[in-house]
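Q: Here it is, the structure, as structure tokens.
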Amino acid sequence: IVTMAEEVSCLKARLMEKEKEIVALKNKLALEKNSLIDLQLQEKVTTLPPLKLKAALSNEDIMRYSRQLILPEFGVQGQLNLSQTSVLVVGCGGLGCPLAQYLAAAGIGRVGLLDYDEVELSNLHRQVLHGEDSQGQAKAQSAAHAVRRLNSTVECIPYHLQLSPENKITAFLLLDIMHLMFDIVADCSDNVPTRYLVNDACVLSGKPLVSASALRMEGQLTVYNYRGGPCYRCLYPKPPPPEMVTNCSDGGILGVVPGIMGCFQALEVLKIASGQGSSCGQQLLMFDAQDAKFRSIRLRSKQASCAVCGENPTVTHLVDYEKFCGSAATDKCRRLNLLSKDQRVTVQEYKSIVDNTAAHLLLDVRPLVEVDICHLPTSLNIPLSSLEDRKSEHIRVLKERIGRVKEEMLNESQVPVYVICKLGNDSQKAVQVLEKMSGSEVDFVTVKDICGGLMAWAQKIDPSFPQY
Ligand SMILES: Nc1ncnc2c1ncn2[C@@H]1O[C@H](COP(=O)(O)OP(=O)(O)OP(=O)(O)O)[C@@H](O)[C@H]1O
């Protein structure tokens, strides 16, 4: 026994050593990847000349921009100013696409298109610069291609990279890029860490930030760090709790809503660039698509106590924004891990339970609107929110179905319940709720979560099952 114990501890020590080696290798790889990105960027930063000053418009310019040239608010000077302005668009998705499209069409001098992601089919209903044939392409490249097709006189620079704390050097370079190459920044991203990062970079490099957001049927817009107005941190010194943040893939979005907000961003950028100035520097513009209403509220002014633009700033360089916000600088599949291994089954394990026709209850905890899109045939739908709120009519149906399975199992004491949702996050929460209810509010149940949910089912078990 002693020898075996020694052997086990020896193996454990070797395992730990190997794990350390793996971590070290991963870090090295990440560093190499970053320096490669930085080299590419460095090259772009140093080799790009400043925008050429235009003294006059060409005949072709006059013809192309004639409809805006005759606007008294805009005129020839507005067009010349525009041609000498550079804008960095962070995020080439639902907001960034219409924004970049209108900036290019109007004749902006230079546009930087920054995005780490690739085009997917579910992007096309709103990310209007990308087409069916751009699926799988880098969004930055696809958007750049569309912008060049629209107006070849615009200097267009795609940056296919993620602004994240892992890309530390890149984040520093972002400051250089902003300092040297861009006059205005537009935040078209979709997550809180990126919003703080872009805000801080704008304050540190002294650039106005035209920021918008859109979710479901609502949109918002503000211009930060503009003519003595507040920055994002003045208004939101602390990030929201990560569980309070919803994204388009969870909450849904009607494509035209970011379309409208992206156009509004373009409008404010064009007003700043042409010299008219923005009136959204201390205003929050709110759009309610359901009621077709816009509302504007005055925001609090720049805060002396602000950590980045205040009198005694504590943020003097870009920091780790994922750590600061407690969430990732991406809205891609945030996977929760709330349960132990024995409280979960894989989709393959669940498939063999179905194949063996073992008696059980399959509980789908998605909202009804998603169940209407697709569901597994035998599932009972009770949305997570109804379980959490113990909605009486739902609990009655649940008890009834558990009772039926119990009869099928000839009154075995524990009824197996498998819980499923889209990605496997809500189902874990539902398992916790059901475990609390077991034996008191409902019959005794053994509850397990199906890992990865219906999307894992579609990917690993049934390719004909729709993915959304
Ligand atoms: N830190 C970041 N660095 C670079 N690009 C970012 C960063 N954070 C977000 N983005 C980009 O901002 C864009 C936001 O647009 P949007 O939310 O419409 O797209 P999406 O993430 O593809 O949507 P969906 O949630 O439907 O998958 C995305 O293309 C995303 O890749």
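Count begins at 1; order follows the chain as displayed.
Cβ atoms are placed via backbone N, Cα and C, with glycine included.
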Q: Looking at 1-35, 71-105, 176-210, which one does TrEMBL call coiled coil?
A: 1-35
Q: Let me know which member of Asp115, Asp133 TrEMBL also records as binding ATP at the site of Gly94, Ser122, Asn123, Leu124, His125, Arg126, Lys139, Asp190, Asn191.
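A: As annotated by TrEMBL, Gly94, Ser122, Asn123, Leu124, His125, Arg126, Lys139, Asp190, Asn191 share the ATP site with Asp115, chosen from Asp115, Asp133.
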Q: Taking Cα atoms as reference points, which of the recorded positions Cys231, Cys234, Cys309, Cys325, Cys421 is nearest to Arg126 (ATP binding site)?
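A: The smallest Cα gap between Arg126 (ATP binding site) and any of the recorded positions is with Cys421.
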Q: What is the number of residues in the domain 'Rhodanese' (356-466) that are helix, strand and coil, as DSSP sees it?
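A: Breakdown, helix to coil: 46 helix, 20 strand, 45 coil.
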Q: Just the recorded positions from Gly94, Leu124, Asp190, Cys234, Cys325, Cys421 whose C-beta lies under 6 Å from any atom of ligand 1, please, or none if there are none.
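A: Near the molecule: Gly94, Asp190.
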Q: List only the single closest residue to Gly94 (ATP binding site), chosen from the recorded positions Cys234, Cys248, Cys309, Cys325, Cys421 by CA-CA distance.
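A: Comparing Cα positions, the candidate nearest Gly94 (ATP binding site) turns out to be Cys248.
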Q: At the level of the C-alpha atoms, what whole-angstrom distance separates Cys231 (Zn(2+) binding site) and Leu124 (ATP binding site)?
A: 32
Q: Would you list, in sequence order, the binding-site residues among Cys234, Cys306, Cys309 whose CA lies within 10 Å of the CA of Cys248 (active site, glycyl thioester intermediate)?
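A: Of Cys234, Cys306, Cys309, within range: none.
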